[in-house]
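Read the structure below first, then the notes.
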Amino acid sequence: METWEELPNVSLVPTNPKAPQAKMSAQDSCLSLIKYLLFVFNLFFFVLGSLIFCFGIWILIDKTSFVSFIWSKALAISGILTMGLALLGCVGALKELRCLLGLYFGILLLLFAMQITLGILISTQRTRLERRVKDIVMETIQRYHAHPEESAAEESWDYVQFQLRCCGWNSPQDWLSNPSLSSNESEMHRVPCSCYNSSASNDSAIFEKLSFPQFSRRGPLARPRHSTDLCLVPANSAIYSEGCARSIQKWLHNNLISIVGICLGVGLLELSFMTLSIFLCRNLDQVYDRLARYL
C-alpha cells in the first residue's frame, strides 16, 4: 500500500517501503540456494572422508589385510584431508564466513593446479616414469625376502602378480636374479607362489600352499608382518608366462575410459565447488551492505 509523505519544497511523492525488500528477495534466494547446495555437497564428502579414514585405520589394525602398512597410512591421510576440506566448506557456507570460504577456494585451486601439473608430467615424462617403475620393481624382485621385517613392497608386488596373473616385470626370468630363491638342495630356481597359475595345474601339494588367505582370491592378500614363512614354487612348474609390464599396459588400455572419466569428474566437481564458493564469498558483502542500508 502506497503512503504519501511531504518533502521540503517538493511536491508529494509516493514511496513504498517494501520495494527494497522485494528487490533483494531474488538475489537472497539465489545465495541461500548456493549456500545450502555447498553445505550439502561438502557434508557428503565429509562423510566419505570419514569412511576412507576408518577404512585406513581398519587396514592398519587388521594384520591379515592385503594392503601394506604404507597403503593404510595413505588412506588414513587422504581421509583426514578430505574431512578437513569438507569441514571448511560446510562451516564457511553455513555460517557465511568469507575467510573460510576464501581458504576453501584456495585449497581447491591448489589441488586442481597440482592435478593438472601431474597429468602434464605423466604425459610428457612417460618414458622416464616407466623406467623408474621398472627399477623399483626389479629392486623389489632382487631383494625379495632379504629383510622379512620390511615386507611392504613385497606384499604389494605379490598382490599385483596375483591379481593381474603375471610373473616378474618383463618375464618370469626376472626372478632368476634373486639367488635367495634358489633351492638349497639343488640348483632349481623358484618363484613366489603369487606367480603360480592354479587354473593350469592340479598339483595338490602346491594347491595346499595356495589355500592360505594370502593367496586366496576370496580373501585378502596378506603375509603376517615379520613372518619368516615364504611360499615358493618351482620355476618350471605351471606359472604365469607373461610379465607384469605387459599386463599393466593391458589393464590401463582396458580401463582408460574409466580412468579418464573419473579424472574429469573429479576436476568438474572441484571447478563447481570453486565457482560456488567464490560466488558466495564475493556476494556476501553486497548483501550485508544492502541490509545495513535498509534496516
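Residue numbering: from 1, along the chain as shown.
Quick reminder: no glycine exception, Cβ is built from N, Cα and C everywhere.
Sequence annotations record features per position, and here TrEMBL assigns disulfide bond to CYS166-CYS195. Around CYS166 (disulfide bond), the same-chain residues at least 6 positions away in sequence with a Cβ under 8 Å from its Cβ are VAL160, CYS195, TYR240, GLU242, GLY243, CYS244, ARG246, SER247.
Summarising the annotation, TrEMBL assigns transmembrane segment to 36-61 (among others).
Same-chain neighbours of the transmembrane segment (73-94): 35-36, 38-39, 41-46, 48-57, 59-60, 67, 100-101, 103-104, 107-108, 273, 277, 280, counting only residues six or more beyond its ends whose CB sits under 8 Å from a CB of the stretch. According to TrEMBL, the feature transmembrane segment maps to 73-94 (among others).
The transmembrane segment annotation in TrEMBL covers 100-122 (among others).
What TrEMBL records for 256-280 (among others) is transmembrane segment.
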